[in-house]
Structure formats: structure tokens, C-alpha cells
Amino acid sequence: MINDKLPKIWYGGDYNPEQWDAPVWAEDERMFKLAGIDVATINVFSWALIQPSEDTYDFSGLDELMDRLYNNGTYVCLATSTGAHPAWMAHRYPEVTRVDVQGRKRKFGGRHNSNPNSPVYRKFAAKLAGKLAERYKDHPGLVAWHISNEYGGYDYSEQSEAAFRVWLKNRYGSLDALNKAWNTRFWGHTFYDWEEIVVPSELSEEWNGNRTNFQGISLDYRRFMSHSLLECYKLEYDAIKEHSTNVPVTTNLMGFYPELDYFEWAKHMDVVSWDNYPSLDTPVSHTAMTHDLMRGLKNGQPFMLMEQTPSQQNWQPYNSLKRPGVMRLWSYQAVARGADTVLFFQLRRSIGACEKYHGAVIEHVGHEHTRVFRECAELGRELGLLGDQLLDARSAAQIGIIYDWENRWALDLSSGPSVALDYVNEVHKYYDALYQQNIEADMIGVEEDLSRYKIVIAPVLYMIKPGFAEKVEAFVKAGGTFVTTYFSGIVNENDLVTVGGYPGELRKVLGIWAEEIDALLPGMSNEIVMSKEWGALNRTYPCDLLCDLIHAEGAEVLAEYGADFYKGMPALTVNRFGEGKAYYVATSPDAAFLQGFLSNLCAEKEIQPLVSAPEGIESVQRVKDGVSYLFLLNHKEGELSADIGSVQRTDLLTGKTFSGTAVVPGRSVLILSDKN
């Protein structure tokens, strides 16, 4: 568990009493008890209050708050406040503010405006984290440390430019190696002195966010900025651990946030935490995939749901209310997929600035007689009854889906073949095809041990890092099934093309080579024609986006294109390699094809759906101490039934027993234990 001081699923969220006068605090405490809230995340943006000047610290208000919450039965996730530096710091030390991609120097304002390579910012941030840890390390209410908040955003200042050159020297060792990695003979970019290298901003190589003239330069800058922000986190982490060794440390991530390599970050986090803010029309399978990615960052370790809204957000184009039951349902979706906490932003709505319309447990009306509060209180009651039963329960998925941030950066920066190519969307298509059939999958990185799985799927794995192709070959030789797709195996870690025929280093295991890649315009499509009926695949299926024109060189052709000048060329192949198989999907098929295709592979590997259920039922299984906990979540308004098999199971929330058919009310959940 995260901290044995509180052996249950933590319940609560961000609390900002400094925005309110003292008379409100007592009412907050009363309502926290009514709602079953037992954890408050505090001090997230209080740097200016704690340190009103360079040499002055005032912890009196925080001392009082820590004691008051603990005496009320509320534990504390204590933040370091370093997500927003004070105005005095920016005024006295202008270097602490960022320079944007257009080369404009920022002034004080907003948040996350700190230059991560400013020695001044780093010094003050680490010092504050250390002082907080020294002061509160033994406080009985402290259960977790929360460093900064939602790290992100790049900087293009002179300090970052100088640090980038140092980072490049450490990475490449010599300018000859750098020039080769970046292919700088293109457009006369050869560098003869490290000082000639500038950041890839809109003043040099980049435009429109993700467009660049030199992918190698821009790719390395993304690596460098992720590293720079991680260094800031690690400075605070080390300052905390110098005093507080036994309390877990985290920072809140943001799902598929594109700018930071979270697999690298997770190595330095005691527990992963993240903020979940889907819109009303976000596919529930996409949210499920994101939870699974957060769980996968630390090899299946349970994570913290650090933030979600009790009802509505304030920053999306259309900030819809969560319909009755949805907050509870989505909270249990997080728990089902590995969350050991259910925390909100925010506990009480603020009355000013840009988050005053962001949902909260306590609304502006200020009392408990609201729909949102009633739903929150009911969830708090249930989580209290669950106790520690689900803590540390793990997934037992037999399929791994690979996601890689550097691969995403390279695809986003690529000059072609199609602006419509969206890496996250293509990964989700494969995830969703399993999700819709109640088949579990883990989201994993390229460094993961593949031997844990029967099937590994790597959609659009454009970049092949050193050693990965050999790992895939070993996995398939040993009997594993590997699946990859069009536009895979094209480049190495520097975004240099692997010559000798696509898919480069994967060519041997796949038994094919790709001659050309056709990008289809919006509205255009082709067809996948099965060579013969194969299990659930028995007809012609549409495809679009990209079509690889491939040749089989040892692989068996399972399907061909049905149209255009490449009609009759392979669209789906399988190569028998050692004891296993490697499949290549040469285009982007529709959902029906992917469901049939993956259903066939699961049947071959004896991977069974968790349940038999109609669309709208999400099934997830967590296992702990030999006990299986089957979550059935109904995302529809009306009740739905699922066939759960003959084993008798007991619902942890109601005490009812089920076998055979389980009926799940609309927008509700069953948590079925097989413990006798």
C-alpha cells in the first residue's frame, strides 16, 4: 500500500483553505466528515505565502493547517508549492521566467512559467522542499509528498541553450558523432563548435508547434527538456529524502501528455500519480487505456488517482456536467485499473480567477444539500466499507501493447507521410478492439520484459531503439506472438532511416519488406480482402490513412489490397519465426477487422475474455493473494447483463452473490470477489 498509516483507498483531494477566511474552515471540516474524506492535498500553490521574500519563511499557517486537518481525521498529501514561483522572485531574478518557442521572454504570470535550467529557480525550489521535509517529516498526518504540480512546457532561454550544449556533449561525446546523428550535411548544417548550436525554436528550425526542418535536433531537444524538468523534480526529491525517508514521493502526471517521457520519470517516483480529466464524449476505452498506461509506468504497480473533477471542468470548450452516477462509475473504473486512491480537484470551489467554475465537492452554495455532494458522500461511504481489500491488487493481463514517448515525438515531428497520422489514436484502435471483447491488456514501454506476455502489439513503431529488434526476435522465437503495423521499423533512435528496406531491423522477424507507403486523402479508402476465411475474419474490410506496399519474403499472405494500382499486394501477413509468429498489418483497418483479427490471435494463444457481455459493459480483473476481483462497469443508462461463468462471486458493495448471469444497473458497478 502507499502508506500503512491509512490502509484503505484514500479519498479526498486538493484543498486550498488559504483562499478562504477562517470561519469557512470549520465548515469544511464538518463537511469532510460527512463526505468520508480522509486525505487532503495541500500547499500546491502556496510558495508566495510560505516565502514572502528571499530570506523569509513563514510556516505558521501551514503548521496550523496540518494540525487542524489531522485532528479532524484528515491525512495530508503535502505539496512543495514549486509549480508557481513568487512574484518577488521573477522581479528580482528575471532569469527564472521562461522564453517561449517564438523567442519571447515571459514575465511573471500564470503558472509553470519557471525556467527549468535557471540555477536560481533550482536553488530556491530545492531549498523550499528541504525545509518542508525537515519541518513536517514526523508529523503524524503526513502520508505522501507531492512535488510541484503537472510538470510541463518547454523553455528556449539562454540558460537552456547552454545546458542543451552540455547535455549534447554528454550524449554524443564529439561533434563528429553529433553531426552524423543529426545528418547535418543536409542543408549545410555541419557544426564545428558546440557554441554554434542553438535551440530549435521558431527562430531557427521549428514552426507550428511540431513542424521542424531537422528532426534529429528537435527530437533531442524534447529529450533534453524532459530531462531538464526531471532534474528539477529530482532535486526536490533528494531534498525531501534527506529528511523524510519513509514517506512516498510523487508528482502528478497527465496521462498521454506529449512533452515528457513518463516511462523515464516513473523510475524516479515512489508511486505514480495522475490527473484524469476526460470530457463527456471521451471514449471510456480511451480513459481505460490511460489508466492502464499509468499502471504500466512502474511495471503494474498500483497508482494514485491524484485529480479528477466531481462534476465539471472549466478549461475544455464545452464543460459538461458529469451525469448522475458517472462520477462514481469513473472513480471505480480507476480503481479497477489500478488506482489505490480516489482524489479530486477540488474539495471547495474557489471564488476567483480561472478555476472558479471548476467542479468541487463543496459547491459555491456552501452546504451539503447538492447532487454532487450527495454522490461524493455515498462514494466516500462505500470506499470506507471496502477497507484494504483491493489495495495492491494487480492485473494479470497476458497481452502487452507498446507505447513509447520518443516514438511519438519522432512521428509528430516527421515530415510526412500524412498529417492525419495520430500515434495515440492508432494505439487506441488496437486497445479498443480488445476492450470491446472484454480482453485485458497492459500498456508497456519498449524496455519492458516481453516474456511476461503471450501477445505483444506495437502499433506504428516507427522508431526502433538499440536492442529492441533482438528482443522481439527472442520473444517470437520462444513462442510469442508479435504484431506491428504500417510505418514501423523506419528509423533508429536519431530519426535516421534504416536503409536496406522497410521495416528495417524488424524485416527479418516479419518476413516482409515495404517498397512504398501510400497516404490516402481524407475520404479515400481501400479494402482488405481475406485470402481465405480465418476464424472471425471472413469478408472484405475497409482501410484508410496509410497503405504500405509490401512484398512477402518468407511470410504467408493472409489478406490483400482490393483496390488501386496495388490491388493484390499483401495487406496482412504472418511469419513463422522459431516457435512463434510475427504479424504485419500493412494499413489502418476498421474496428470490425481489428476485433476479428485480435480475437483470432487470442484464440490461438488460449486467451479468454473475462466475461461475455454486450457493448457498454467494461470488465476488469485485479488479483491479490489468490483472490480474483472482477469489476463489471455498466456505462449505459439501462441495466445490462454479463455471463460471468459458473464460479460463485460476492459483490463487495452490496453483499449479493452471483453466478452465471450478473445484472449490472445502469451507470453502476459490481465488484465480484471469488473468495469463499
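Note: Cβ is positioned from N, Cα and C throughout, glycine not excepted.
Computed from a predicted structure; not experimentally measured.
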Check: Among Arg111, Arg185, Arg349, which residue does TrEMBL name as a further substrate binder in the site formed by Asn149, Trp315?
Finding: Arg111
Notebook entry, point to check: So among the active-site residues Glu150, Glu307, who's got the most Cβ atoms within 10 Å?
Noted result: Glu307
Notebook entry, point to check: For the domain 'Beta-galactosidase C-terminal' (618-673), DSSP counts of helix, strand and coil?
Noted result: 0 helix, 40 strand, 16 coil
Check: So what sits near Arg111 (substrate binding site) in its own chain, CB-to-CB under 8 Å and at least six residues off in sequence?
Finding: Phe45, Gly83, Ala84, Asn149
Checklist line | Env. residues of substrate site, Cβ within 8 Å of mean position of Arg111, Asn149, Trp315 Cβ | finding: Gly83, His112, Glu150
Check: In whole Å, how far is Glu150 (active site, proton donor) from Trp315 (substrate binding site) when you measure between their Cα atoms?
Finding: 15
Notebook entry, point to check: Minimum Cβ neighbour count within 10 Å among the binding-site residues Asn149, Trp315: which residue?
Noted result: Trp315
Check: For Glu307 (active site, nucleophile), what is the secondary structure state per DSSP, taken as helix, strand or coil?
Finding: strand
Check: Roughly how many angstrom lie between the C-alpha atoms of Glu150 (active site, proton donor) and Glu307 (active site, nucleophile)?
Finding: 11
Notebook entry, point to check: How many angstrom lie between the most widely spaced Cα atoms of the substrate binders Arg111, Asn149, Trp315?
Noted result: 17
